[in-house]
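According to Swiss-Prot:
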type	residues	note
ACT_SITE	Cys81	active site
ACT_SITE	His252	active site
ACT_SITE	Asn284	active site
DOMAIN	26-343	domain 'Calpain catalytic'
DOMAIN	499-614	domain 'C2'
REGION	344-496	region 'Domain III'
Amino acid sequence: MFSCVKPYEDQNYSALRRDCRRRKVLFEDPLFPATDDSLYYKGTPGPAVRWKRPKGICEDPRLFVDGISSHDLHQGQVGNCWFVAACSSLASRESLWQKVIPDWKEQEWDPEKPNAYAGIFHFHFWRFGEWVDVVIDDRLPTVNNQLIYCHSNSRNEFWCALVEKAYAKLAGCYQALDGGNTADALVDFTGGVSEPIDLTEGDFANDETKRNQLFERMLKVHSRGGLISASIKAVTAADMEARLACGLVKGHAYAVTDVRKVRLGHGLLAFFKSEKLDMIRLRNPWGEREWNGPWSDTSEEWQKVSKSEREKMGVTVQDDGEFWMTFEDVCRYFTDIIKCRVINTSHLSIHKTWEEARLHGAWTLHEDPRQNRGGGCINHKDTFFQNPQYIFEVKKPEDEVLICIQQRPKRSTRREGKGENLAIGFDIYKVEENRQYRMHSLQHKAASSIYINSRSVFLRTDQPEGRYVIIPTTFEPGHTGEFLLRVFTDVPSNCRELRLDEPPHTCWSSLCGYPQLVTQVHVLGAAGLKDSPTGANSYVIIKCEGDKVRSAVQKGTSTPEYNVKGIFYRKKLSQPITVQVWNHRVLKDEFLGQVHLKADPDNLQALHTLHLRDRNSRQPSNLPGTVAVHILSSTSLMAV
């Protein structure tokens, strides 16, 4: 995962530390100096801030005190509850925080070797498709000798303050962290993909089936090393930090630190009883203000759970900001959940593995419509197909597909007034099985994302076997920006960008000819096929000038629905297109019949129901069955 970590701004941690040790000085980062520029990008500075090294704040500074825990963190003055919640989630995953905080034992203060300390640290974050190594010095902003931003329970523990400083450096300054998105931080810590879920819109509080499905997915994400966050939407500024009667706080991002089914009852009977309760453990980054409803720390509901089960769950009676809730109550009181999947691409794992395709792209503007790549969403039909297009394949009868589009992070450009995200999204279309060139007309929409001005947009969808085109867009045309497209499938999807609008002219075109006609053939299905005891296991093959497209086998039916399409760029207009129907057998497939399609561009009857014919008979003789075919032809190769 970290075989190729890129030094951020070309600062090499090892070389810088070596140089400081040689010169016996503490590192001072010239790219993130101890000045107001590193604190704010606008507005008037508050109280006089003094930058201090940990040794100037306490006697015995440490990266970690008694290990790392989600209890370590407390939010400071900046409105980065979202980042602190993500850190709380990170702290509960040793395999993840050790990647964000690399070689932590070497970075830790060593009281026995005080001269080895160089005042320099480094941290890894996933940034727009690659891992970056961010170097910082250890000077931290304080007021009255107190850290003003993220800090630990222990006065001499500094891991969270240093991680926050490195993240602020990526963002441009501390103020740029104000009002961010937990989903972004979770992705930056893991390289995974975040899926936001609107609990209110999905009506999870009242729909038990949907709620149970969501809990199972959260259980799977948590058990496989993912990170989860929950929050209550603050609709107005007055709502921010508003505490509800139940003890929860609006506008706060709560870290989910455990997901489990809790066994109710006592003794041996409880072990064999099937009654279990879906429960979630959460933590408030403020470190206090807990839930006071059912299953809160001191509630009588805990009497239903055995002492051993409570100990296993780590139930404590203290106002430490961590508490349990039933998942039903979570769905009733919270409005949003963010699941960050840590995508498993290792083939050595016992869990499901994914194949990832990762492509960089951009929305760009050009006077030539063929070169313009900033067409806006489908509302703008005249320019929509000018957007970037990416083709991928689903190679199983049905597969779960995860798609994420991320625009280049904008926080570091806030100082120049360019820090706002574009509203982005994407549509997915099922296309012909042999498409190699860009789409120019609408086809069946297989799925679509929401459009939102967040850094990332995610979609999970189940799709049948076939070929698909993703069209990522900005909501309005005329906007420019870079993006990263990530597509996860069970088997390799051969995802790639479609760059050409039509077959290219080559040196062979004058000798072999160039296409004069484009024809799209859509075989919908067949009816009345030759009887067999179990029904036909049929498939179709569409042939044209040496190119062919084959459908999947439709088992046990004489009225199959093939729903297969092919696109053909034709040079020999007098040569018909052939559609053959076959019956799949163990030893040898059986020919059931065929039809020939002239597919002239002036044929206005686009939908045809044709009788199957024998292929060898000179006289046209009908065989059992008909095939339904939709045909579209044009002399403009950019018509389809």
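Cβ from N, Cα, C; glycine included.
Residue environment of Cys81 (active site) contains 23 other Cβ atoms, counted within 10 Å of its Cβ in all protein chains.
DSSP assignment over the domain 'C2' (499-614) gives 4 helix, 55 strand, 57 coil.
Between the CA atoms of Cys81 (active site) and Asn284 (active site) there is a gap of 9 Å, rounded to the nearest whole number. On its own chain, Asn284 (active site) has Val249, His252, Tyr254, Glu290, Gly321, Glu322 as residues at least 6 apart in sequence with a Cβ closer than 8 Å to its own Cβ. Mean pLDDT for the domain 'Calpain catalytic' (26-343) in this predicted model: 88.
All chains included, 23 other C-beta atoms sit within 10 angstroms of the C-beta of His252 (active site).
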